[in-house]
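Worksheet for the structure shown next.
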Amino acid sequence: MGCVASTGNYENEDDPFIQNKRANDLIEQNLQQERNKNKNEVKLLLLGAGESGKSTVLKQMKLLHQGGFTHRERMQYGQVIWADAIESMRTLILQAGKLGIELDSDLKNAHSGQLVNTELHQCKEKIFRANTLDQIDARMAGGSEFLNEYVLKYNGIGSKKKRQTTLGFKESNGADPEEEDETDAFLSEKLAGTSYTGSSETSELKRIDQSTNEEIAYAIKKLWTQDKGIRQCFNRSSEFQLEGSASYYFDNIEKFARVDYVCDDMDILKGRIKTTGITENSFKIGPSTFKVYDAGGQRSERRKWIHCFEGITAVVFVIAISEYDQMLFEDERVNRMHESIVLLDTLLNSRWFANTPFILFLNKVDIFQEKVKRSPIRTWFPNYPGKLGDSETGLKYFESLFLSLNRSNKPIYVHRTCATDTQSMRFVLGAVTDLVIQQNLKKSGIL
C-alpha cells in the first residue's frame, strides 16, 4: 500500500495544477514573511542642507542605541579635530585682514615701528607655517579611507579650487580663481610681516614648519585668549566660512594636541566629517529595527538621493535654525536658511514623499538664542515682526514659515533641538521613535 501511495503522490507532482498551486503557496508564504518582517522594520530618511547637524543627530542615535563609538573612531575624530582647529585659526587670521580688523599680534609702536607683542606675532606666524597634512598621523587615525579623503582638503590648493573639487562644478560669480589665490597670498604675507613678491611659491609662509603639536597648541591658545582682534573676527564669523565648533576646539586645544588622545562623546558630537553619498545605519529599538539613511546635504550630493527612496516610514528633516545669517559653503551668494526653505518645499511637495510624514528638527536652538541678540533676523527676512534678541518670536516665526510650505495634508511634527545635548536629544529621539513605530504599524494595517 505504501508503494502505491508513494507512486500516486509522485504522479500528482507532475500535474500542472498542483505545480502552480505549490508555486503560488510558496509566493504567498514569502510575502507573508516579508509582511511580518516589515511590520517591525522602520525606515527613516535623514535629510537637510549641508552643515545642518543631521549627522550629529545620527551620532546621538549611535550613542543611545548602538553602544556609542569604537576606539578607532574616537582616535580618528581626534585627528580630524586637530587639523580643523589649525585651519580654523588660520581662517580667523586671514579673515581679520579681509574685514579690516586689526590684530594685537600685528600692533607696532608708533615711534619705533617695532612689534608691541613679539610673542603673539610669532604665534600667528607659527599657525600660518603649520602644514596641516603633517599634523595628521594616519596610523593613529586607523589609516581609514574616509580620513584619507577628508584631509585632501588640506593639500594646499586655493579655497576656490577646494569648493570646485567638493561640488564637481565651477562657481559662476565672476571671480577668477587665480586672482582669488593671489589675494590670499598677498594677505598671508602682509599679515606675516613679509613683503609680497607675487609668487606664492617663494613665499616665506610656504616653509614647512616642524613645530611640535604642543607648540602649535600653545600658539592657538595664546591667540584665542590674548588677541582681541581674533575674538572680534570670530564674532563676525557669519560673514565667512568657519567650522561651527571652532570655539570648542580652541577652548580644548591642549587635549587635541596629544597624538594619543582618545575623543570622548562630546568631542565626537562637536567634530564634523562631511557626509558624502548615502549611508545606511541599523538600530535595534525594542522589537523594531530602525534603518536610518543619512544623505549628504550639499547640493552636489542631493541628486543621489532625492528620487531614490520608496517605502520610507518618515522623513527627518534637520534645519540649522541659527544659520539665518550665514551663506552656503558651496555658494557664498546663497543664504543657508533660504536654501533650507527651498529644499524643504521641494521635498514636502514631491511625489516621492506624497504620503510620508515629516519630522522637522529646528536644530542649534542654543546658538540661535545667543545669536539673535546681536544679529537681526529682519536683515535676511524683512517680514519678520519680532525685535532684536526675541528668540521665542524668532522660533515661532520660522516654525510657521516651514509649516506653511506644506501644500498637502501630510502630518508634520516639529521639535526644537540642540543635537549636541545628549539629554535633550534622548527625550526628543524617544518621542520620535514612538511616533514612527505608530506610523509603521498603521502603514502595515495593524492599527
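Positions of Cβ are set from backbone N, Cα and C atoms, glycine also.
Keep in mind that this is a model prediction, so the values were computed, not measured.
Feature list (source: Swiss-Prot):
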type	residues	note
BINDING	Glu51, Ser52, Gly53, Lys54, Ser55, Thr56, Leu269, Thr275, Gly297, Asn363, Lys364, Asp366, Ala419	GTP binding site
BINDING	Ser55, Thr275	Mg(2+) binding site
DOMAIN	40-447	domain 'G-alpha'
LIPID	Gly2	N-myristoyl glycine
LIPID	Cys3	S-palmitoyl cysteine
REGION	43-56	region 'G1 motif'
REGION	267-275	region 'G2 motif'
REGION	290-299	region 'G3 motif'
REGION	359-366	region 'G4 motif'
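This view paints the features noted in Swiss-Prot onto the structure.
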residue : record           : DSSP class
Glu51   : GTP binding site : coil
Leu269  : GTP binding site : helix
Lys364  : GTP binding site : coil
Ala419  : GTP binding site : coil
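Its own atom aside, the Cβ of Ala419 (GTP binding site) has 25 Cβ atoms within 10 angstroms in the protein chains shown.
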